[in-house]
Ligand SMILES: Nc1ncnc2c1ncn2[C@@H]1O[C@H](COP(=O)(O)OP(=O)(O)OP(=O)(O)O)[C@@H](O)[C@H]1O
């Protein structure tokens, strides 16, 4: 039943600082005979403090353990007018520096007029013993800030903005928010993480902006360019940019053209004519490519080391490790020692790790300081295991600033940069195919000439998720020594996965006859049959075969949408692997059900989020921060009342997420092949029937197959597999790093 209650906030017994969910007790000023003199209210409150007077509308409910309470649906703050309330509010801790005693003194002096005086004549507070003029000013400021923030939040809520977001916005703009909403709400999309063009556009249209307002078009153009960055592009050809923007905004091309000129005049975008085409860059990406081109040349200096000395050292390592490096591997070692920059590329089993380990030993024997890094946490972990030396993520190596946002605008700040470079003689970075232009730029800025940079990766893997085609462009520019390892050392009999991966890469068809032990194909043509087989494999056949659990086996798929897309497969696999059950809590977020015991994946880097490790008695023995894009874990607990989810990641790291942060995770029974880059799994299942030709290419199949350590099973159409092997049309990437490297080389 709906009910309205009002009264002073007596006490706040629980508050979740992130989302404002609180349990509060209101004093009932005039309790009727059958009423308690305190009313418990639960719900979301933005800034209530003890002593405030609230009018609450809500639903009467009875909690099993706590008894009757009101589930708050809306509330209003009334200014406390009686002296008691004023005193309570002032002394509640809401205003820094004023405790209960001081509050009592203030109210004794100014009575009912206390608030008026704080607002209009704050200097008079200094008349009171114990309050200096400085403090009087601070009290007035805090008092006003709180009031203004409250008003702004209410104002922003009228435009459909949530309380959390409104607070964030107010903290950024302060009182300017009114002006911004009036003049250009599209600025929100530029300044506030979490507000994109689409939300800003809804707000602006609600606020009465026209379809073809100058701000809307500008914001639309920038949005389209930013989106293209998320699709891996560093620029867009002008015609494509105009068409997409006009389509997005539902306006004429001419209007877009007009604003495009203004944006380039103001240097917000950079335009370049090349090969008869006009290219438009977000200016940061344009300059990043150019600077990377220059820095790569700066680092690429020769080092003189006598070949005979090197030969001797290699021979000693070969003897110790009982291995004989082949010509290419030796060449790689030579190049690494003799040059400031080098690239080693090769497919699976071609001896990259063996080569890196030899290089490390040689560098160590020279007394050099070596740093090892990789783009993701999992890749870094693997590198540590295979080298026996600590490897870290590139972000950690560059000492990412905890407050950085790893968004698609590259808003990251690192402690290590041109003014405080990395102190090392040699830096080796593995899985370089995953490095985008932002990461390359940050890395190069932190390396000074005199430090060697060795980049290792498989150029045939999918390129980075972020903008750029870094590894490929660097190789294509031929600016430095590149060693391409192409001999497969791992025995063919040992691994059909490796053999097939190389065949796929060379465009050779693979045999899908199930005559080996680690590469299978089950022909099915209907989506529903593919799903049934996938479920059967993951639940029953594969775990004992590869000596792993169902949760270790990874379903990889090219697409997000459709019957065999990530979203649907996750729903189906969840229903089988972790069905709804009494006592198993669940929570729905944006249409997806998350349940205790679900396998989930973190989908963006979060450097601030805290993790804990507990011993078997539940005591915390280790704490740290950071969960990274691609980390997978299991939901251990969901607490609806506190709005939190606990996820356990590798090595028993437990992370608490607020419900509002659940957009950082996805179910992970099935994930896209793109997301699987840099990870390995004991067994991989690939359900493939058909899909867009653009997407289904050789590159994608190759990446998927090379993720498996012990077993690959393709379920679906062999015809599509054959077509994928033939399809060399990789998704196009508009990037000009190669050209910049060549241009910069000409100035040297
Ligand atoms: N010169 C060599 N002679 C004999 N065996 C070699 C040689 N180089 C590498 N190997 C062996 O080949 C296998 C694959 O090598 P390695 O792990 O170095 O390759 P990789 O390119 O790093 O592979 P992946 O990318 O799949 O991990 C290993 O078992 C390794 O011992």
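Including glycine, each Cβ sits where the backbone N, Cα and C put it.
In TrEMBL this protein carries:
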type	residues	note
DOMAIN	338-489	domain 'AAA+ ATPase'
BINDING	349, 350, 351, 352, 353	ATP binding site
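Feature annotations (TrEMBL) mapped to structure.
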residue	record	CB count, 10 Å
349	ATP binding site	22
350	ATP binding site	24
351	ATP binding site	23
352	ATP binding site	22
353	ATP binding site	16
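Here the domain 'AAA+ ATPase' (338-489) has a mean pLDDT of 91 out of 100.
Of the chain residues outside the ATP site list 349, 350, 351, 352, 353, 346, 347, 348, 354, 355, 485, 489, 490 have their Cβ within 8 Å of the site's Cβ mean position. Under the DSSP three-state reduction, residue 353 (ATP binding site) is assigned to helix.
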